[in-house]
Amino acid sequence: MADTYVGSIDQGTTGTRFMVFDHSGQVVANAYEKHEQIYPNPGWVEHDPIEIWENTKEVVTRGLEEAGLDAEQLEALGVTNQRETTIVWDEASGKPVHNALVWQDRRTTDRVEEIQEAGKVEMIREKTGLECDAYFSATKTEWILDNAEPLKMQASRGGDVRDRAEDGELLMGTIDSWLIQNLTGNHITDVTNASRTMLYNIRELEWDDELLEEFRVPRSMVPEVRPSSDDEYYGHTDADGFLGAEIPVAGALGDQQAAMFGQTCFDEGDAKNTYGTGSFYLMNTGTDAVASDHGLLTTIGFQMSGEPVQYALEGSIFVTGAAIEFLEDVDLINNAAQTAELASSVDSTDGVYMVPAFTGLGAPHWDGRARGTLVGMTRGTEKEHIVRATLESIGYQTRDVAEAMEADSGIETTSLRVDGGAVKNNFLCQLQSDILQTDIVRPVVDETTALGSAYAAGLAVGYWDTVDELRDNWQVDREFESEMDSADANTMYDRWDDAVERSLDWAQEE
């Protein structure tokens with residue numbers, strides 16, 4: 001009998017990855033495809049949902065072929081995804097009425113300020129655990145319903161989009177819903193993705209009528225909410241479809257919650273930080289939805305079938321890896337790997353600070369009008385100083401969140417599990433440890449986002465029996481301990497606060 005595995009579709013901000021894992025959590029197949037980033041106006045970011053679905057089929061097919069696997073060898077499929085990114089589509093045709101509005105998109109900032117001025121921020125925070133921000137799906141959905149021109153997509157029927165939504169003809173969802181719909185024909189999301197819409201009550205665990213009314217989103221549009229690991233399955237792939245097999249789709253988590261699951265942060269106080277386009281620091285708070293007084297989000301960490309929801313505190317940092325991409329865009333570096341060499345060639349930034357607020361600042365500042373700032377330059381400043389300042393900004397932003405996390409939870413983080421593409425950079429990991437004054441632990445399998453959704457799906461179908469098996473799979477690649485004097489780290493961090501102040505409230509209303 002052929003060996004069996006679990007597959008994971010990891011749909012991210014810049015591309016789509018398909019990975020297959022064996023029982024020990026090791027990677028046996030891996031394929032990736034980038035998709036286009038669409039910038040119609042300053043501060044606007046879109047993706048083409050059709051391109052994402054086509055790429056998904058491509059990477060799944062190619063990943064299996066290159067590894068010499070048959071689809072029938074997959075016991076389950078899990079899905080993980082860039083969160084908050086929002087799609088509205090025609091239920092009958094399955095075609096989107098507009099491009100997806102990406103989590104980074106800031107076009108609804110004015111609407112958010114309207115809500116803030118109306119004094120509704122506290123109500124939203126109490127129900128959803130979220131700051132009222134353009135980051136989340138609620139204002140994105142509202143914008144699409146008010147502004148989409150579906151005929152431009154050459155894919156969906158014309159007619160007033162809002163009227164059609166009110167008539168029950170349109171569906172909305174985050175990327176997981178879009179993929180699950182295309183994989184199984186069912187309109188489903190999981191609790192972690194629902195918790196990022198700003199429409200879902202994380203304490204009552206249901207779509208909130210008051211919020212649906214506030215953002216004028218008809219209840220008929222929203223997906224059914226299910227556990228992250230669901231032994232009743234979300235559905236099966238079509239035997240006559242692109243895979244040619246009926247495979248249970250049984251696990252889904254937003255990418256950051258999936259990384260937490262893949263890092264086996266199953267216990268209260270466990271924390272991880274994922275370094276991607278942005279950085280996302282999550283701490284498991286158990287069955288208690290801890291309210292934040294320090295600009296963090298209260299969110300759902302995960303839910304297993306038949307078990308209570310596990311909550312988390314989250315610090316969402318909008319720009320970390322994207323700051324490295326910026327250095328490439330302006331030709332300061334040729335590729336990301338070059339950053340360590342350039343940054344380590346100087347002892348310090350020589351007083352230069354980079355605040356990479358290209359799309360505003362997330363936790364704990366929440367300023368949609370903050371903008372990227374480079375301060376402290378002199379005629380002696382060289383590109384090496386700017387590159388180092390950019391890497392240091394990742395550490396400072398992480399410390400902003402770590403200090404807020406400790407204040408809210410009362411738990412001191414002595415060890416932080418890290419993952420994501422950037423953690424392959426030893427210099428960056430050491431820098432993080434120095435600035436945070438905390439041990440940084442890098443696991444052997446660093447694609448923990450894909451691993452987390454595979455674990456969720458595999459648990460649902462019995463491929464793994466307990467989370468203890470998953471804990472046994474987790475292995476340390478390297479641990480980084482601080483080599484910097486704490487007084488020096490604190491002095492540098494205090495100066496970072498000054499730099500952040502200069503970036504705030506910069507963008508003017510149009």
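Placement of Cβ uses the backbone N, Cα and C atoms for every residue, glycine included.
According to DSSP, Thr13 (ATP binding site) is assigned to coil rather than to any helix or strand. Summarising the annotation, Swiss-Prot assigns ATP binding site to Thr13, Thr14, Thr277, Gly321, Gly421 and lists sequence analysis as the type of evidence.
Annotation source Swiss-Prot lists ADP binding site at Thr13, Arg17, Thr277, Gly321, Gly421, Asn425, citing sequence analysis. Every protein chain shown contributes to the tally, and the Cβ of Asn425 (ADP binding site) ends up with 20 other Cβ atoms within 10 Å.
Neighbours of Asp255 (sn-glycerol 3-phosphate binding site), defined as other CB atoms within 10 A of its CB across all chains, total 28. The sn-glycerol 3-phosphate binding site annotation in Swiss-Prot covers Thr13, Arg83, Glu84, Tyr135, Asp255 and rests on sequence analysis.
Per Swiss-Prot, the feature glycerol binding site maps to Arg83, Glu84, Tyr135, Asp255, Gln256; the stated evidence is sequence analysis. Secondary structure from DSSP puts Asp255 (sn-glycerol 3-phosphate binding site) in a helix.
Note on proximity: among Arg17, Arg83, Glu84, Tyr135, Asn425, the binding-site residues of the record, the Cα nearest Gln256 (glycerol binding site) is that of Arg83.
One way to see the shell of the ATP site is to take the Cβ centroid of Thr13, Thr14, Thr277, Gly321, Gly421; the remaining same-chain residues with a Cβ within 8 Å of it are Gly12, Gly276, Gly278, Ala322, Glu325. The binding-site residues listed here (Arg83, Glu84, Tyr135, Asn425) include Arg83 as those with a Cα within 10 A of the Cα of Thr13 (ATP binding site). Taking the Cβ of Gly321 (ATP binding site) as reference, residues of its chain lying under 8 Å away and at least six apart in sequence are, in sequence order, Tyr275, Gly276, Thr277, Gly278, Ser279, Ala336, Gly420, Gly421, Ala422. Other C-beta atoms found within 10 angstroms of the C-beta of Thr14 (ATP binding site) number 17, with every protein chain shown included.
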